[in-house]
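Working notes, beginning with the structure itself.
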């Protein structure tokens, strides 16, 4: 062996070393590429999973019912009084319509199976329609109402991979289930009724408007994000109204006025540290100070906004200071030179030039606040809220908390809605960040 | 609603003050503006500030105080009334007795004998009755108490409106009468603005102070009941206190070591994912990738940092955890469906962009001359990176990793949704562990009394969390700053 290597010329030996070193070089570069690919594939997996799970929630299968709005059932006094209309028994109208479609279902059990086809929320759809237009009383109207979530899931192919809407419609008598009856959400009898309804051409999948107009609900087919979205809007409004003026003023003071002394140093260090405090600690602060000490209402967007203000302030202050720093001193000197006071110089000349940077920082801070969940759990914004909040003092929830609540529900239909709500949340976030990037691109100046 | 209306009124008054002040100084100037010390606008602002600021301050004091005063008036009426109507038969059957769970044989309700949670219930009920949203079936004396409360509140509201408008008018009037050409209105307005800005800058300090004080205060109350040594070194965590003292397990356990261990385990798994991937991708982007590739990949990685943590939590619980469980089953391992591995992995993905962007910064900050010296000696790129750039950048990278660790420790939603609730003391990543943040959330979400050790324990955990992350941050910022100074 030694004799062999001894015969190699120095050039050959050097070539061998070089080959090894170049191989190491290529390996090292490959590690980097692999790392990036891993990170990006995680991102892609995440998005594919969420979209794959959630796309279905934008479609809801509905059935057309011919409802006779009997005056004796809902408005016996014929006074068309809204209060009386709101309290009337619309469920019986829905039941009657269903029984007339399935005259062969006479036993208690069969009738129950028939009633189960339609969402318990159908009565609200009809109530709203009648209350909007009381002249419908006494007429026969045709309404589209949502199917119950388990039937909706079957038709979407989420329960049994072998069966979906198309298969149900086209299979003649025997539905080609791949799962035994016990593992499906619906029994053979129920499936029979569903198929009958489909054959009559009454069922179709259409855009799920309830998802965008309803508040939370125990029934997946009625649960929507509108309540949470409004809650998020109120919370963000409070956050923006407080954090933007406070953050910008603090940044101006620290950057332009503050003398260099211990106090300003402490404030600076403080702001940097606050930016890294875990968000849940802000929630504890909100619970102890805003709820216990000041006695503000639980679950209110006002308190949520206050907590998120404290949380986003460091982001806004740091971004605003950077924006102020990037305005060249010559602007200030020119303004001071023609006799402006310090404040005039800043308000009239520096601030307009720094504004795009400040707005970018604010939007990024708002995007953070929109996605924040943990501190809001602490101040009780996890309540089950059906009504859409009307003011920042009403109990409400926000989009990320709604996602958290739905993620806990075991039903397949809620998984679908959770993913859909995530898609909406991500959509908002992407929109906000895109605006921030655009602002930066459009107004960024190099001096 | 009333408050908003009052604020709007004050603001309208301020606007009127602005217009009047400005008009007055213009009239006084008689067309010769050089006679004025300040521009007319500043005189307007001067009047408006004197109009709005004192009135708004008064409002800010009044609004939180009003319900408290009204309630104490109502409660003293309650005390008197019950004192007179002792032995009241109606107490037993009233909604109030049900609400407060007064024993069947009680004949009176003594205010002093009520527990704090009962008192809270009573207050809420009085408030609801005054608003007309309470449950029905209250005894007549309760109606009376509620009407005392409502009456006090109504009078107070009227008084408040009157007082605020009077103060606003008075302030505006005084300021208006002082508007003179030689008055230094600009300086005064600018001083006011400067004080406002100083006030805003102190919000950050007040926040820190609020965090520290509230955590300390509540933790003290907790440590008065549970010794601090038991909390820090105890091995048994089961905070579910029994409601009655005679139930099994009524004492609860508050040894937080399993939580600290769980937090460390999950953070360690997260760092095992985030550090190699983040660091290698940062090196590739800083040293190899050309600017076009960088311009595409960098924002893509930053998207990972912008995704809300609740989304990661959902991803971990719904996709990753079942996947690991399946893999484990296929090779005969028993993987918990809330395994530390799944939560840690997903947390690692979340932290990748932190590590990569911080490392990217420090790597690009290494002076080019050092690389060129190495190339000049014949080293390849990877040799230069490993032997020259990385050792030079090491302190900065360590600082970045420390910041990432503090982020991992404080992360809440991923672990709440994907990690377990039971406090197991284990280092096996396939089992379920719980973390400090998970316990804070479980202890505080839902119905709670402010006084029980269970609730207070959450604040003690919060204090530990705050101190740990603060220490990590201070060290990390210090290391990074030292490193920057080295090359500047």
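Backbone N, Cα and C define each Cβ position, glycine as well.
Record features (TrEMBL):
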type	residues	note
TRANSMEM	B:45-65	transmembrane segment
TRANSMEM	B:157-176	transmembrane segment
TRANSMEM	B:196-217	transmembrane segment
TRANSMEM	B:259-283	transmembrane segment
DOMAIN	B:260-476	domain 'ABC transmembrane type-1'
TRANSMEM	B:303-324	transmembrane segment
TRANSMEM	B:344-367	transmembrane segment
TRANSMEM	B:388-409	transmembrane segment
TRANSMEM	B:456-480	transmembrane segment
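Most Cβ pairs under 8 Å with the transmembrane segment (B:303-324) belong to B:344-367, among the candidate stretches B:45-65, B:344-367, B:456-480.
Stretch with the most C-beta contacts under 8 angstroms to the transmembrane segment (B:196-217), considering only B:45-65, B:157-176, B:259-283, B:388-409, B:456-480: B:456-480. If one looks beyond the transmembrane segment (B:45-65) by at least 6 residues along the same chain, the residues whose Cβ comes under 8 Å of a Cβ in the stretch are 3, 6-7, 10-11, 13-15, 17-18, 20-21, 156, 160, 163-165, 167-169, 171-172, 174-176, 179, 183, 185, 188-189, 192.
Sequence-distant contacts of the transmembrane segment (B:259-283) (same chain, six or more residues past either end, CB-CB distance under 8 Å): 237, 301, 340-341, 343-345, 347-357, 359-360, 363, 385, 390, 397, 401, 404-405, 408-409, 415, 419, 423-427, 429, 433-437, 439, 461, 464.
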